[in-house]
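Read through the structure below, which is laid out as structure tokens, and then see the notes.
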Amino acid sequence: MGAIADQTSSSNNTTQPPPPLDSSMEVLPMDVHKVALPPPQTSLQKLKVRFKETFFPDDPFRHFKGRSCATKWLLAVQYIFPILQWAPNYNLSLFKSDVVSGLTIASLAIPQGISYAKLANLPPIIGLYSSFVPPLIYALLGSSRDLAVGPVSIASLIMGSMLRQEVSPTKEPGLFLQLAFTSTFFAGLVQASLGILRLGFIIDFLSKATLIGFMAGAAIIVSLQQLKSLLGITHFTTQMGLVPVLSSVFHKTDEWSWQTILMGVSFLLFLLLTRHVSMRRPKLFWISAGAPLASVILSTLLVFAFKAEKHGISVIGKLQGGLNRPSMNMLHFHGTHLALVMKTGLITGIISLTEGIAVGRTFASLKDYQVDGNKEMMAIGFMNIIGSCTSCYVTTGAFSRSAVNNNAGCKTAVSNIVMAVTVMVTLLFLMPLFLYTPNVVLGAIIITAVIGLIDIPAAYHIWKMDKMDFLICICAFLGVIFISVQEGLAIAVGISVFKILMQVTRPKIVILGNIAGTDIYRNLHHYKDAKRMPGFLILAVEAPINFANVTYLNERVSRYIEDEKMGEKQLDFNYVILDLSAVSAVDTSGISFLMDLKKTLAKRGLELVYVNPVGDVAEKLQRANEIHSFLGVDSLYLTIAEAVLSLSSMMKEQP
């Protein structure tokens, strides 16, 4: 046996009896490096390290070390309210940039807020309420400088479709509104809990492939739902699937309105054109940012001037002005719909949280600053909890608005405050102006906003990189458009979990060969110039060994041995070398597998040798050997090259 060390040890006396198995052993048949145990730790210390790496990987308390009590309290308050970190250094130059960006995103947030509220089957005013209070809360608690907060299309779609399964927004609007506020409360509770309990890793189960397929499917469903507004259909299906929507469209041709279609297509082309211009020339971002508000103003003027509401073009109608009304009394935590609002809150909370954190981290990386994921969860969570009590539905950081905010030159979260103040002015003084705003333009705004969620290049990249991930992407996409939004997401997450289970239960194990002229050993099926070493079968396990995969590993090793000895090549070897370099962890079942495998191979006349067990694996092998004494002096080596060289010299010495 050898043990890890920086120096080597040697002995010219090979007639000495084998030394006992110990980490300090130095007498070996030839020069080899030692394989040492990791620094000793108690079980409590190991548990502490594992707990810290699981729940506190970012080490948020590192800034508190060595500070005075008063400084620690100040840092704690700044951690809770990040605005206190940068507010003392805020100046007029920063304020000018934030005012420009805040007004710019307000011009986008106002029409989007009204549109997304209708997408969620809620009164349009709720969308404006949700663009007022939540941005103020986020400005106090959030750590992103670029995130523009408000309603988003995906969360609006999910909430509207899930609640509509049990309650009609037209027949029972009051109850539907209560369920929306209660769902928002549960969404915020889930989000804040994930942040407080440091459970942010849970949202990592929504892989990139899952989100790309889900977003694309949801974008198509959202767009198809707008056909009701674009065509002027009065009686439209309440289902979300592709087939029922198209069926409803073509079975209601008698309700199509050419005036509505003309206006809708015209403004849709205008919005798509401005989007295209801004994508081709990023410096002209303000064109697409201001296009939705310009469309609302122009279409409202046209409807008012030509009395178009009397010619089949439906309008929003009168919106009650004033600031957000308290809605705490509308939260219901009992009754027959409790399970529905909890499920809706969970799904919308996870989806909106994933989108908000992803957007925040994207723009933080562009500007080279850090966004604390768990802090963001708490900020978005408390934002929605407070929002549910002030007539708001679920909100998060929207990519389109955040992109505009970034391009407009925002410097801090003050841009959210400026946007909220602009919305406040709209709520107080400008609500009568929306009386003649046509619904068809709101539908066009929604289509333009969600069309960017269809990322074909990203899907093609996934296809080229990983076919299994592409399958997950396609399943999420097809599930959303043919079944429903939540079922499509569930299918994709289920396949993702299945993929992880397959990787755990069916770990990769390969045969290694030597690259001539080097001490490097690589996969024989991967490197053509890698050659088998006579007298050796060298295997490498490339995953942790645990109870879930020991049966498979045992069968796979046995099959390799049979194939090599009894197959076409009928190779003769005396040693099986098991490379454990990539085995990051092992449990008691894994240790039993390694022990039993050595005994099983010994009965076949083969010697099993372990190479480079790391960390926890080496320690558990040592403990198992202290009890069962299954490791011999030549059973453990630091590298494959040293094992082959040492065992080859021993074979030559044998008569």
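Here the Cβ of each residue, glycine as well, is placed from N, Cα and C on the backbone.
Automatic prediction, not curation, is the source of TrEMBL annotations.
Source: prediction; values computed, not measured.
Mean pLDDT for the domain 'STAS' (526-647) in this predicted model: 88. Taken from TrEMBL, the feature domain 'STAS' applies to 526-647.
Taken from TrEMBL, the feature region 'Disordered' applies to 1-24.
For the transmembrane segment (122-141), the list of distant contacts is 80-83, 109-110, 112-116, 147-151, 160, 169, 173, 176-177, 180, 316, 319-320, 323-324, 375, 378-380, 382-384, 386-387, 390-393, 395, 397, 413-414, 416-417, 419-420, 423-424, 426-427, 431, 434: same-chain residues at least six beyond its ends, Cβ to Cβ under 8 Å. Annotation comment: TrEMBL describes 122-141 (among others) as transmembrane segment.
What TrEMBL records for 175-199 (among others) is transmembrane segment.
Listed by sequence, the residues of this chain that lie at least six past the ends of the transmembrane segment (205-224) yet keep a Cβ under 8 A from its Cβ atoms are 119, 153-154, 157-158, 240-242, 245-246, 350-351, 354, 358, 446-447, 450-451, 453-455, 458-459, 462, 466, 469-470, 472-481, 485, 488-489, 492-493, 496-497. For 205-224 (among others), the entry in TrEMBL reads transmembrane segment.
Per TrEMBL, the feature transmembrane segment maps to 231-250 (among others).
Annotation source TrEMBL lists transmembrane segment at 256-273 (among others).
Among the features that TrEMBL reports, transmembrane segment is placed at 285-306 (among others).
The transmembrane segment annotation in TrEMBL covers 377-400 (among others). Residues of the same chain lying 6 or more positions beyond the ends of the transmembrane segment (377-400) and with a Cβ under 8 Å from any Cβ of it are 108, 112, 117, 120, 122, 126, 129-134, 137-138, 141-144, 147-152, 155-156, 159, 180-185, 187-196, 200, 324-328, 331, 345, 348-349, 352-353, 355-357, 359-360, 449, 452.
Only residues 6 or more beyond the boundaries of the transmembrane segment (412-435), in the same chain, are considered here, and those with a CB under 8 A from a CB of the stretch are 83, 86, 90, 94-95, 98-99, 101-103, 105-106, 109-110, 113-114, 124-125, 128-129, 131-133, 135-136, 138-139, 142, 144-145, 147-149, 296, 300, 315-323, 405. The transmembrane segment annotation in TrEMBL covers 412-435 (among others).
According to TrEMBL, the transmembrane segment annotation covers 441-463 (among others).
Annotation comment: TrEMBL describes 470-498 (among others) as transmembrane segment. Long-range Cβ contacts of the transmembrane segment (470-498) within its own chain (Cβ-Cβ under 8 Å, at least 6 residues beyond either end) map to 157-158, 161-162, 205-207, 209-214, 216-218, 220-221, 240-243, 347, 351, 459, 462-463.
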Note to self: Under 8 Å between C-beta atoms and at least six residues away from its ends: which parts of the chain pack against the transmembrane segment (175-199)?
What the structure shows: 54-56, 120-123, 126, 159, 162-164, 167-169, 327, 330-333, 337, 340-342, 344-346, 348-350, 352-353, 374-389, 391-394
